[in-house]
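Visitor: Got a structure here, written out as C-alpha cells. Questions coming.
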Amino acid sequence: QPILIPRSSNTDVKSNIQYHFFHHVCAQVGLLSGICLIVGTMIGSGIFISPKAVLLYSGAVGPCLLIWAACGVLSTLGALCYAELGTMITKSGGEYSYLMEAFGSLVAYLYSWTTVMVLKPSSFAIITLSFAEYASTPFYPGCTPPIVVTKCLSAAAILLIVGVNCLSVKLASYVQNFFTAAKLFIILVIVGAGIVMLAQGKTETLSNAFDGTPSSVGAIGLAFYNGLWAYDGWNQLNFITEELKDPFRNLPLAILIGIPLVSVCYVLVNVAYFTVMTTTELLLSPAVAVTFGDRVLYPLSWIVPLFVVFSTFGSANGSCFTAGRLAYVSGREGHMVKILSYISLKRYTPSPALIFNGVLSIFYIIPADINTLINYFSFAQWVFYGLTALSLIVMRFTRKELHRPVKVPIVIAGLMVLVSCYLVLAPIIDKPDLEYLYCTIFIFSGLLFYYPFIYRRVNWARKLMRPITMHLQLLMEVVPPEKTE
C-alpha cells in the first residue's frame, strides 16, 4: 500500500509532496499578480446577469447606476478592513483565520461549515448556471432556453472544470489566464461600443434616469445583494496572504488599484447597456449582453455571447481553483474531515476537496434558479462579512499587542458592520421568505457536529472515519501534505 506511508519512512516522500504542492499551488504572488487575481476573480458572470436584477429592485436607471457605484465603494471599504486583518494576521484562509483569532474555535467552525458546505459550491453553481444560460441562448433564438438544457450544460461544465483542476494545477492556471484575458477583452468591447453610442446621441433612457417607481427598503437591499454579487471576490487575496510578496505593501495597494478599476468598468458597462435598451427591454432580455451585441455589433454580434461564455467559464474555473484552500486549512485545524485536506500523490492537486465541492455544486443546480441562489448566497456571506469587520473592532481592544502595518479608521469597520446588518435584515423584514430561515437553520445545524466531533472528539467517530479515510486514500491516491519536523 504505497499511499499509506508508515511514519518511520515517510519523511522524504512527504517532504517532496509538500514541496511540489506548495511550489505549484502557492507560488509567490507580487503586486501585479495580486491585482490580476482581484480583477480576474471579480469580473465574472455577475456583470452580465446582475443588471436585470439590480434594475428590477432599484426601480429606475438612476438608482441602478448609483447602486452599482455604491457597491464599488462598499467593496473597497470592506477590502480595506481585510487589508488590516491580512497584514496583522498573516495566515491564509481569509475570514476563517480572523474569526478564529477574534472569537475562537466555534465561530470559525461555523464559518468553515457554512462556506465549505454552502457558499463555495453555491457560488460555483451560480456561475456555471450563468455560463449555461449564455452558451445555450444562441441555439434558441427568440425564446428562453429550456431549463433542462441549461442545468445539464451547467452540470457538464462543473464536471469538466473539476476534472481539469484535479488533473493539473498548471493546466488550471493556463485555463484561468486565457479566460481572464477574454473577459477583459469583452468588457473593453462593450464599453467602447457604449461610448460610440453616447457620441451618436443615444441618451433617451439615460435622460430620464430617475423616472420610475420608488423602491422599498427591502428591495434596495436585494438590489445591493445582486450588485455586490457581481463585486464578490474582493477578499480573495486574503486567502493567499502567506504566499503574497511583501503583504504589508502589496495587499493594500492591490486592493486600492484593483477594486476601483473594476467599479469603473461595471458602471461604464451598465451605461453602455442603457444606450441601446430601455428599462423594459433590458428586464425582458434573456441575456442582456447578447441583446446588446445583436443591436450594436451586427454582423459581429456573435463575439459577445462567445466571450461572455469564456468569461463565465473562467470565473467558474477560478471559483473551483480556490475552493480547496479553505477546506485544507479547516481540515488542518480539525474542523473538517481530514480527507478534504489531502492532496493527490501523482498530480499534487487537492482533488478530494475539489471533487467534494463539485458534487455539492451539482446538487445545488438541481432545484434552484440563479436569483434564488444569489439571495441565498448573499444572505449567508454578508453575515460572515459583518462578523469579520466586527472582529477587527474586537481585536483593537483584545489584541492590542498585535503589529498593525496597515491601520484603517475604526469608523470604516463600524460602517461595514452596520451595512452588513442592513443587507442581512432589510430583505427579511421586507419579504420574510423561507429561504432565509433555511439558511439560518443550516448555519446553526453545524453545532450538531461541532459538539461531539470537534469539542468532545469522541473515539467512536475516529474509529469510524479511519477505514473510510483509508479507502478513500486508496481510491483517489491522496496523502496529507503535513509538515515534517
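From the backbone N, Cα and C atoms, a Cβ is placed for every residue, glycine too.
TrEMBL annotations: computationally assigned, not manually curated.
So TrEMBL lists these for the protein:
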- 21-49: transmembrane segment (TRANSMEM)
- 55-85: transmembrane segment (TRANSMEM)
- 106-127: transmembrane segment (TRANSMEM)
- 147-169: transmembrane segment (TRANSMEM)
- 181-200: transmembrane segment (TRANSMEM)
- 212-231: transmembrane segment (TRANSMEM)
- 251-276: transmembrane segment (TRANSMEM)
- 302-328: transmembrane segment (TRANSMEM)
- 348-367: transmembrane segment (TRANSMEM)
- 379-398: transmembrane segment (TRANSMEM)
- 410-429: transmembrane segment (TRANSMEM)
- 435-455: transmembrane segment (TRANSMEM)
Visitor: Determine which recorded stretch among 55-85, 147-169, 348-367, 410-429 has the most C-beta pairs below 8 angstroms with the transmembrane segment (212-231).
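Guide: Per the Cβ under 8 Å count, 55-85.
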Visitor: Should anything in the same chain at least six residues away from the transmembrane segment (147-169) have a Cβ under 8 Å from its Cβ atoms, list it; otherwise answer none.
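Guide: Counting only partners 6 or more residues beyond its ends, the transmembrane segment (147-169) has Cβ contacts under 8 Å with 24-25, 124-125, 128-129, 131-133, 135-136, 175, 313, 316-317, 320-321, 344, 347-349, 351, 354-355, 357-358, 361-362, 365-366.
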Visitor: Of the listed stretches (55-85, 181-200, 251-276, 379-398), which one yields the highest count of Cβ-Cβ distances below 8 Å with the transmembrane segment (410-429)?
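Guide: Per the Cβ under 8 Å count, 379-398.
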Visitor: Can the transmembrane segment (181-200) be said to touch the transmembrane segment (302-328) if we require at least 3 CB pairs below 8 Å and skip pairs under 6 apart in sequence?
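Guide: These two segments touch.
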